[in-house]
Structures are given as C-alpha cells and as structure tokens.
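Record features, source TrEMBL:
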{"type": "ACT_SITE", "residues": "GLU300", "note": "active site, proton donor"}
{"type": "ACT_SITE", "residues": "GLU496", "note": "active site, proton acceptor"}
{"type": "BINDING", "residues": "ASP167, HIS207, ASP215, LYS408, HIS413, THR455, ASN497, ALA498, ARG532", "note": "substrate binding site"}
{"type": "REGION", "residues": "25-45", "note": "region 'Disordered'"}
Amino acid sequence: MGILSVQIFQGARPAGAASNAAVTSSSSHVVPLQNPPTSLRGGTSPGFRTIVDYRSGRMKGVYMPTSSPYGRSSTTRSRTLTMAVDRGGTENSSLAGNCMDTVDHKQVMDIAPRLRERDFAGTPYVPVYVMLPLGVINKKCELVDPDGLLKQLRVLKSVNVDGVMVDCWWGIVEAHTPQEYNWSGYKRLFQIVRDLKLKLQVVMSFHECGGNVGDDVCIPLPHWVAEIGRSNPDIFFTDREGRRNPECLSWGTDKERVLRGRTAVEVYFDYMRSFRIEFDEFFEDGIISEIEVGLGPCGELRYPSYPVKHGWRYPGIGEFQCYDQYLLKSLRKAAEVRGHSFWARGPDNAGSYNSRPHETGFFCDGGDYDSYYGRFFLNWYSQILIDHADRVLSLAKLAFESTCIAVKLSGIHWWYKTASHAAELTSGFYNPCNRDGYAAIASMLKKHGAALNFTCVELRTLDQHEDFPEALADPEGLVWQVLNAAWDASIPVASENALPCHDREGYNKILENAKPLNDPDGRHLSAFTYLRLSPLLMERNNFLEFERFVKRMHGKALLIYLHFLHLSLSLGQWHILGFS
C-alpha cells in the first residue's frame, strides 16, 4: 500500500488542460430549515431547524476551517491530508486516516479512526443534473441575471455535470388568460443551456411555489384559476375542517368542466402540447432529455397532507385531503358500489395534522385503518392518486411522444417503523406494514413507460433517530422498498436529495443507493438530480466535494485526493471564471 500526500486538485490534468476551478461565494449564511420530508423544489415539506443542526451528527470527521486558507504567516495552522490506496480498490481518505498538522513550522500527527470508502471506479455511469434556482425566471417570464447564470453554468460544465433541471411554472406561462402562453424567458434560458452543450430536465409545474421551506420566491397558480377558486373553492384540496389548500387543483377536478369549459386534465394537456410545439428544436436536438410531469403539491405525486400553512410540523401524521365536493362525490359512488353507503365519509378518529399515530383510534396499532371500513377507505383514497397519475400521464405521453417522461414521488419516511405508516396513508400511499403500497404505482408507471424519481436518498436512518427519535423514521428502509418496487417493475429509477447536501457522508449515502453493492443484476439509478444550484454550493470547499461526487457517480477513478486547504492554485486562480 502506498501513501500519497497531496496539495493539488483531485483528478490531475495534463498540462494545458482546463482546470475544474471551483468558486467561492460571499454568502455564508445558514438557511433555516424545518424537518426533512420531501424535496425543496417548488416547495418542500418543512421540519428541520437549520442545516447545521441537521448535519451536526455528520460533520464530526470533517475539518472546518475558521480562517482564510491563504494566510502565509508563521502562525498559520494548515492541514495536509493523506490518502492510502490499497490494491483492492478501497480508498482510505484523510478524513478517516492520519492528519498532519503544521503549527509554527512543526509537524504534529493527528490519529483518527480509519473509515474505508468504496471505490466507484469502473461502476456504471449515472448522469448528474443540477436544479436551477426557483426564481431563475421571474413572473414576467424573463430570465433573471443571465450573465450570472451563464458563469455558474460554465462552472458546472467544467466539472462534467450532465445538465440542469428547471421548473416551467404554470402560474407564469399561462398567468392571465386561458390558453395564452408566454414562454419567452424559458426560450432564452434553453438557448444558453444548449450553447454550453448541457442537457435539460424540464418540470411541468402545475403547483404553486411559496410558503414551504426552500421557497425563496412566490409563484401562485394562474390568476384566472384563482378567480375561479374564489367562487368555487371546491376546485382545491380540502381537509376535514373545510380548510382549502390552493397549492394545486384537487384531483376531483380531473374530469369536471370547472375551468372555463375545460377539465383539469385538458388544461394540463393544452399546456404540455404548447410547450412541445414551442420548443420543438430542443426536442429534436436531444437537448431536452426528460419531462417530469407535476402531479401534485411540490410537483410530487401525493396529497397535500402536511401543509405548513395549516399548522403542520414534523413529525405530525398529517390529515386526509378528500373533503372537496368532487372527491366526496367519488367517495359516495364508491361506497354505493360496495353496498355500504354509510361508508361515504372520511375517518372521524384520524386525529389532526400534528397527532402521533398512537394518539388516534384510526392509526394506532390494531386501529381502524385495518378494519373493513378502513381498508375500503384507504383503497379508494390511494386509487384516486393512481388514477390521477394514470390520466395525466396518458396525455403527457401523447404530447411528448418518444421523450422520456418521469414522475416524482415524495419520501414520507416518518412513522415508517410503525404498523400503520400513518404519514404515508394521509399522503395517499397505502403502505402499512402488511401491504406494499408502491408496487401498484410502479405498475402504473410501467404502463406509460415513465421513470420514477424518488427523494431522500441522502438521508440516514441513524441520523433521524438521533435528531427525532419520536418520529420512528426509516428513510433507508423506505428508499430500499421504493427502489425495489420500481426495479421489480422494470422501470427506470432516478433520484434527488431532499435537503441541501454538501458533506462527504451525505454524498456517500447517495452513491450507495445509486449503485447498490454486489447487486447480482447490476441495477443502478438512471440519473441523479442535485438540489440545488446556490451560492452555498458554489463555495470552494463545498464545490470541490461536489466535483468529487460527480466523478464517482460517473464511475471515474479518483487518482489523487484533494485537501481543501492545501492548494497549488493561488487565490487569483479561483477567480478564473469571474466569481469572488
């Protein structure tokens, strides 16, 4: 085994080759977060206190500098990390090995426990995309700060990121008048992406942005839809107390002509068809690699069962969202068909948004969720979700023809270690401990040739138990169940992180899920989308760690390891791409 001490960038380049220069950011603030459930794109379920709070258990082996790495005084304390590479292909990184400190020109050896990292060299190539900021297009459908975005995209391109993901907001494009679409800002954005030879994942975002953690802009549904909602609030999801949620349209409107003569699915289809026609050249050139179809709040296939605006806080079980007149009509019809018309009601003992399962008669162990009525209701409730996706995807497939389409599924991992899986049930996933609630969804996606995009692949169950033991969460168990349900149905599976991720341990967890070790069938993720392009990601240390992650996702060998503080590049070279 050879020991190599390095003071240069990982992945040495031939002389004259372009440098993968990372960038620094003047911003070093910590964004307050709530607790972790789903993605931050277009709104994320809240719950965490701060990134630092959440990551504190993961950062124990990471050296965090407290002063400038460019100081040259004799009292400067620098740290050189070493890497050992054995011939079996396992890396021993400096974070897990010996650290050599230099204090006043004296070397001091720190002894730390060794951690062994898996070598991903030669593993399957998994494309990496990066989500663009929520407000990259403003409400006038103008591209915000094109010069600054171009610089950032060049940085991403320099480390071989495959492409970017962007939301195409219904509330911007069709804002004022039905079937009058303004795509101007998106055209300019797509041209920039094409010029850089990057790919595009485009989200048909039929939900509002604002009011959830990670939402730094407010993009409501189209004004004309809001006007309809004022006179007919039943177009929105409604809870047992009659509170409306204008995040997205109720699935009860899918076949109801309540949108100025059109049904909801007709509105979605017209929007998708307009996009396909407007951007035909980008489809034909292969720049648009995937269309993700928004199917609910935050663009996810789920009910809006845990809205912050209604007082939900992690790890509350949430509430059923089936009390608008259209969904109640469907429930009455289902009960009559079953021959039990008195079942045409929602549960009256399911607690409230912040209840725990054991506090309710419906979700407690042995509760009504597993009674004859409970099974009827949950079958109906979850089938409404599947039927909605089925209808919209049928039209998306028609609109986008041979282009890959995808659906995002949220990772409702809290209460996963209880019998009822209450938070999943209120979200529409009928997945108690005695039933697989994701196989039917995977089967429906298979019917349309659609990919599944799943969140929370960076979360570790142990961290959840340390921070919120009362939540009985198991993100690792949930991820494994959903990935296998999709792979068993032979559909592509992609993923994204649920919370901002900048540390080695989080990236390693993503890699483990992306390329399962010793899988006899060689199964792996079809793509990974990083949440999200931000000043924090562009900070030097964070970006270098991200570059290392991209290399490993691409199956590239890590020839040498970079320590963040010992750089052969001068400070001026960090500004090569125009960042400070």
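Positions of Cβ are set from backbone N, Cα and C atoms, glycine also.
Sorted by the number of other CB atoms within 10 A, the recorded positions ASP167, GLU300, HIS413, GLU496, ARG532 start with ARG532, the lowest.
Cβ-based neighbour count (10 Å, all protein chains) for ASN497 (substrate binding site) stands at 24.
In this structure, the CA atom of HIS413 (substrate binding site) is 15 Å away from the CA atom of the residue listed as 'active site, proton donor'. For ARG532 (substrate binding site) paired with GLU300 (active site, proton donor), the C-alpha to C-alpha distance reads 17 Å.
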